[in-house]
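Data first, discussion second: the structure below is written as C-alpha cells.
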Amino acid sequence: MTETKRYALLEAADHPAALRNLPEDRLPELAEELRGYLLESVSRSGGHLAAGLGTVELTIALHYVFNTPEDKLVWDVGHQAYPHKILTGRRARLPTIRKKGGLSAFPNRAESPYDCFGVGHSSTSISAALGMAVAAALERRPIHAVAIIGDGGLTGGMAFEALNHAGTLDANLLIILNDNEMSISPNVGALNNYLAKILSGKFYSSVRESGKHLLGRHMPGVWELARRAEEHVKGMVAPGTLFEELGFNYFGPIDGHDLDTLITTLRNLRDQKGPRFLHVVTRKGKGYAPAEKDPVAYHGVGAFDLDADELPKSKPGTPSYTEVFGQWLCDMAARDRRLLGITPAMREGSGLVEFSQRFPDRYFDVGIAEQHAVTFAAGQASEGYKPVVAIYSTFLQRAYDQLIHDVALQNLPVLFAIDRAGLVGPDGPTHAGSFDLSFMRCIPNMLIMAPSDENECRQMLYTGFIHDGPAAVRYPRGRGPGVRPEETMTAFPVGKGEVRLRGKGTAILAFGTPLAAALAVGERIGATVANMRFVKPLDEALILELAATHDRIVTVEENAIAGGAGSAVGEFLAAQHCGIPVCHIGLKDEFLDQGTREELLAIAGLDQAGIARSIDAFIQATAAADKPRRARGQAKDKH
C-alpha cells in the first residue's frame, strides 16, 4: 500500500482549515493515521516520541474547535507538539526534524504562523498565553488564547506565578493541563465525561452566573449553600479546588483520548469568558505498547525498529561525560555521607539513575524548579552537608539570582555539575549551553573548571567537592576523547593550568574540550598549547609567562566569546599593560540552529579546521602589523 493510500485522510487534513472541513465522525480515523505516521517517521529519523503519541486526539480537537492561527495555541516545552507540526502543513518535512536545515525540535515562530510562541524550556506557556490574551483584549480582538501544559511543567514556579496573575485579570484564557503521569482513574470515565460536558455547557454556565448575581446580592446565605453544593459535586469528579481558588473555572479531569468528549468540552469552553482550566488525562506513548510501558525511554529516541520490543542498545565505548559524573557521584557518596544529589527533573539526562537507586535517602528530584533546587542546596550546605546540583547549563540560567544571592554571597560549598555545556546539537538554541562561563565568571567566590577529557572531569568534580565554597564543573554532551578515568581521586591545584605542547611564536590557551583540536593545530604550526583547566581563578602566572615569551596569544573555548574565558584572559593582560595581540575563538554573538554537535562545531569555527583557519588568519594579520613596527624600531636604532 502506498503512503498516500495509508495516510489519505491525513493528507487531506494537511492544514487546520482542511481539518475543520472533515465530518466529526471521521476524526477517530484521522487520529489513527496521525499516530501511525508519527510512529513511522520518528522511528526512522529519531526525535521526541512518547509525549506526542499522547497528544494526538487533543491536538486534533484543538485545531478542530479553535480557529488557528488566529486563535493562539501555546505548547509548553514543545516535546508534545509533533502532531501539531504534522497538522499545520509540515508533515512532509517531519523526517528532517532536529536536523541541520530541518524542522525545529520545538514550536518556533520563524517556522510557521501556527507556532505563535517559541518554546523549549518548561513552564512558560501560561505566562505567554496570558500576555497574548491581554494584548488581544486591549485591541478588542476576539481571539482565544490557549496554553497546553503538562503535569511536569506545572511543577515549575513560573507556571504558578502566571496562574496567580491570570486569576486576577479575568482574562479570556484557557489552560489545558495535559496530565500524562497518572493513570486514568475509575472516575475518569463515562460519568465524569458526562458531568464535564454539563458543567462546561452554556445552560449551566448562564444559570451559574445568573444565580451568583441574584442570590449573591439578595440572598447571600442561599448563594453560599448553592456554591458549596456545586463544589461538592465538582469535588466528586475533579481535584480542582486550587484552581477555583485562584479564580479559574475548573473542568475535568476528562479522557484525553476521547475525541467526542474533547470536542464537546472545548466548544463549550470556547464560548465562555474569563480564565478557564481544563484537566485532560492522557497516556504518554499511547498506541505503541513499548512506549506505553516505558515512556521515559521513549521520550527522546534515535532511529529504532518499530517491531522490536525495546530500543537498540548503545554501542560499547568510552563513557560519556554524563556517565563519568554519575560514576563519580556514586563513588564519592560511598566515601562521604555528607554528599547529597539534587536534580530539577533530569534524573536520566544528568546521570543520576544509579545514585538514586543506591542512595535513595540522599537523592532529591525537586521537579522542574531550578530556582528552588539551588536555594534548597544552599540550605543543606548551611547545615554542613555537601550538595551536588546536577543541572544542564541552559537550565542553570533560570536560577541565576539564587546562584548569586543564596550560594555565592554566603560562600556556601555547593558543587554544580553542569551538563550540556556548549553546543548540544539536535535540540537547537533553546538547549545550548553557550553562556555559563560568561554569567558565572563575574560572580565573586565562584570556582569554575572546564575539563578537557574524561579523567579531568572526574578529578575536577572531586576538586570542586572538597573546595570550601561554591564550585562549578562544566562539561559537554556526549563522549570525550577517550581518556579512561582513574579510579583514584586527586584534587588539582586550584587556579593552575599546564603546558601540553611547547612551541614558539603563538601560545594557544585552551579551556575545556577544545584542547584536543588546539593540540592538533599547535602541532602543525609549532605553537605552544596550554590546558588552562580553570576559568576562575585564572592561572595568571602561566599567562604572564606565555605573554612574555610569545608574539601572540589565542584563547579557545566552547562558550560565548562575550564575557567568557578568553575575555578574562584579555582583561587580565590589559590590567598588566601587556601589549601582546590576543585572538579569541569561541561562540559568536548569534544563536545557532539545530544540527549534530559536529555540524554545529564546524559552523561555529570550533572544530579543528575552523580553529586552524582563525589562527592562520591571526598570524598573518599580526605578522603584517609587525612589519611597520619593526621598521620604525630599526629607524630609531640608526639614530
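Yeah, the Cβs are placed from backbone N, Cα and C, and that goes for glycine too.
The structure displayed is predicted, hence computed values, not measured ones.
Matching HIS63, HIS79, HIS84 to the thiamine diphosphate binding residues that Swiss-Prot gives (GLY120, HIS121, SER122, GLY152, GLY153, ASN180, TYR288, GLU370) identifies HIS79. Ranked by how many other Cβ atoms sit within 10 Å of their Cβ, the binding-site residues HIS79, HIS121 place HIS121 at the bottom. When the neighbouring Cβ atoms lying within 10 Å are counted for each of the binding-site residues (ASP151, GLU370), the highest count belongs to GLU370. Here ASP151 (Mg(2+) binding site) is positioned 14 angstrom away from HIS121 (thiamine diphosphate binding site), judged by their C-alpha atoms. The shortest Cα-Cα distance between ASP151 (Mg(2+) binding site) and any of the binding-site residues HIS79, ASN180, GLU370 is the one to ASN180.
It is GLY152, among the binding-site residues GLY152, ASN180, whose Cβ has the fewest other Cβ atoms within 10 Å in the structure shown.
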